[in-house]
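Among the features that Swiss-Prot reports, region 'Disordered' is placed at 1-40, 157-181. What Swiss-Prot records for 29-40 is compositional bias 'Polar residues'. What Swiss-Prot lists as domain 'RGS' is 41-156, and the listing cites sequence analysis. What Swiss-Prot lists as S-palmitoyl cysteine is C74.
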Amino acid sequence: MFNRAVSRLSRKRPPSDIHDSDGSSSSSHQTPKSTAKWASSLENLLEDPEGVKRFREFLKKEFSEENVLFWLACEDFKKTQDKKQMQEKAKEIYMTFLSSKASSQVNVEGQSRLNEKILEEPHPLMFQKLQDQIFNLMKYDSYSRFLKSDLFLKHKRTEEEDEESPDAQTAAKRASRIYNT
């Protein structure tokens, strides 16, 4: 269940089609580059499925992927309405990230850890304090390193090259029409 939720949250959404008045696609009217959006805030990065994917790749190399996985699981948990599902997800989050035997234990302050008994009566914000701790850990530690990482910079360069490419193709098309080649 947890893996499905993370997969769903980090799945890439299809880009919007942006067209000129003549119906042709135009790169000059597109939204800001994803890397610029990611660099503006951790919140923006976490709202973008491709950003989450790249951030996870980076965190995996740093052996701290559990932080973003925990954050995503908490986001999914907050959206859960069914009481039974909420109870199952709460236990899964606890067993995966918070218990002393957790397979992907996150680093939260000892007094912030939840008592297993609270899992019997879950509520949407029960993990909020812990999620905020992990968010701040990522924001002030991993995120700044991610923005300087080869992985991010390579993606940024690729994005810039792709942005230049359509203009060059458009110029070539115009030249071929002018010179009938």
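Please read every residue number as a count from 1 along the shown chain.
Just so you know, glycine gets a Cβ as well, placed from its N, Cα and C.
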**Message:** Is it possible to list how many residues within the domain 'RGS' (41-156) are helical, extended or coil according to DSSP?
**Reply:** 85 helix, 0 strand, 31 coil
**Complete:** Going by C-beta under 8 A and a gap of 6 or more residues, the same-chain neighbours of C74 (S-palmitoyl cysteine) are I93, F127, Q128, L130, Q131
**Complete:** Over the domain 'RGS' (41-156) the mean pLDDT stands at 93
